[in-house]
Structures are given as C-alpha cells and as structure tokens.
Amino acid sequence: QGLERTEHEGFGGGNTAWEEEKLSKYQHSETRLLEVLEGVCAPSDFACNQLLERNEEHVEQWWFHERQQHPDFFQWLCVDRLMLCCPPGTYGPDCRSCAGGPRQPCSGNGRCDGDGTRRGTGLCVCSPGYGGPFCADCGDGYYEASRNKSHLVCAECYQACGRCTGPEDSSCLRCKRGWVLHEHRCIDIDECGTEMAHCRANQYCVNTEGSYECRDCSTACIGCMGAGPARCKKCNKGYWRDGAKCLDVDECASAEEPVCTGVQEVCENTEGSYRCVCARGHIRRDGQCIEDKPPDAPEKGFFDDVTDDEVVVLQQMFFGVMICALATLAAKGDMVFTAIFIGAVAAMAGYWLSDRSDRVLDGFMKGR
C-alpha cells in the first residue's frame, strides 16, 4: 500500500532536478523507502513493529539490490527469505498444495487448514451445507440446487430430511434423528409413546418435533402422567385424592388436637404441610413466642426533666444562698470572709451583666 501511495510522488524540495541528480531517482531512493516504512505498522501493533525492526536489513537489501529481480516483496521476504509464510493455496513447512489444489482449495466451498502458513494439516474445513474431502459435495440436510464444472450451490432440505433431492417435504431420502421415513416423507417419532424416552421417576414426557422433553410433576404427585395435580399416579404426603385430583390437606383444620402446642403459637397451613407461627401481637425470641412490646424505658433521674431556664434559676438560688452566708460572716468583721463576700458579689454581677444584660435592660425598660 505504501508503494502504491508513493508511486507518483517525488522529493519535497524546490530543486527536484538537482535532488534526483545527486540523490538518484525518487522512485528508488532511500527517502521513498523511509516514507513507505513509516506507514507499514500501526503504532499500537507491537508484533508488526518488532518484525520490521528485526528485518530492517532484509528490507533494505530488497529495496536497493533485489527489487528488480524479485518484484514480489511478500514472496521474496516472507516466503523465500524468512520462511514464515506460504503462497496462497499451500500449507506446512514445505508449502504443499491444499486439498483440492492451490488454485481453488476446497473447491471454493471451505478453507484449507493452514492455508498460507507453515502450519496446518492442509485438510478442508467445509462451509455450512458442503461436505466431502474437497467440499465438492452437499452436506447432510442439503441438496444440489445447481452445479457446473467450477461451481456448486447447495440449498437446505426440508427440516426433517437428512438427505433429499429437493426442498419439499416429500423429497426426503433419509430422515434426521427423531423422524422415520414413510413414502419419502419424514414422520415425527412420538418418543413418549414408546420406550425411547428416558425421564426420571417424578417427571413426565412431552413429545416435540424430532425429540421430547422431560418436565417435573406437580408437587402434589408421586409420579405422574402429565402436568398438574389431576395427572398424579399417587398423591404426595400432605395431599389427599378427591376424584382425579390431589388436593392439599389443611392440617390446621383437620387435626383433632392442636398441632402447635407452644404458648401463644398458632397453626398456619402451607402447600403440602403446615407451620407453627406466633399469634398476632407476639414475636419469636429464643424459641418462644413473647408479647411484642417496646422495651421498658430506664427510670428518670431527679434532674432529667429540668429545663435550661430552671437550671439557671437554681444556679441563681445557689449563688444567692452563698452570698447571704458570706455576708453574715463578713458582718462579724472577719476580713477573710469580707474579701470572699466582695468577690462573690463581683462574680454574680459580672455574670448578670455579661450573660443576662440584654434581658435585664429589656425588662427594666418595659417595666417588668
């Protein structure tokens, strides 16, 4: 592709004549070779870039010395020199011809295993609808719609035919598995009506086109002849027969004595059985049914219901009592208690003036 892209290009400089005189013709120049090699591999294609780097000397040898004598670069490098590939239609270490010949392997209706490589078996892997060692025949389930010396077209038979002469259901020569041939028609075999079906003990057989299916019986049955509780051979435990049907036994209603004997337990019927559950308003805990009520709240302390405003009042009362006690002692002339009294009064005043000043002034202005 790079050779084709650069076929009609030249040097990019201004003096093309001088460049061709000094650097040789562009068509055979190193400049063109580099431009071709730049587009050979995608940047992310590590294997391609590695192969190109490893064989750079071979590429240059072909470009400058072998190109005229061996114009097919692929044949010269990949097949003859490196021996990594084979020509199309051949395979294996010695590049032998594929089945059906190298010109049209596998009659054009399949692929040759290892075609174009040094590997493979050379045998044909036929396309759908074709068969034979050279894919020159129609495969099972197909017939010859047209044929000439070089081309074969195979079309699909009627779905039940293994071999046929045409597309109609009356043109069968052999039937597929699950069908039987009768006057060139393939009739479905009812495996369920013969011993050909193999289903497990608690399953029943359903015939399908060319085969059969095994489906599970109803839970009411032990063995059955079809779907539903009316086709049981025998009723399962927890069911009773009412005519043709196996119906669920209500153990909660039919028992003479209570089936659930735990305290605050009641019986709940289920399909084929029953279960013991706690009565309404009760929950099961540690295997017993107890009343479902919220846990008791812890006892409140003496001060739990006291509000923030009440706490402030109590603090003021406490400070007031302390100040009165200190005032009484200060009145007796004790200098220590006098100093403590003055400090307490100052602290109380500071508390009121800082934290409560806005409220005090507002109340005073409003006459409260």
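The backbone N, Cα and C atoms fix where each Cβ goes, and this holds for glycine too.
Remember, TrEMBL labels are computer predictions, not curated facts.
As annotated by TrEMBL, domain 'EGF-like' applies to 94-136. Here TrEMBL flags CYS126-CYS135 as disulfide bond. Taken from TrEMBL, the feature transmembrane segment covers 336-354.
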Sparsest Cβ surroundings (other CB atoms within 10 Å) among the disulfide-bonded residues CYS126, CYS135: CYS126
Would you mind splitting the domain 'EGF-like' (94-136) into helix, strand and coil residue counts from DSSP? 4 helix, 11 strand, 28 coil
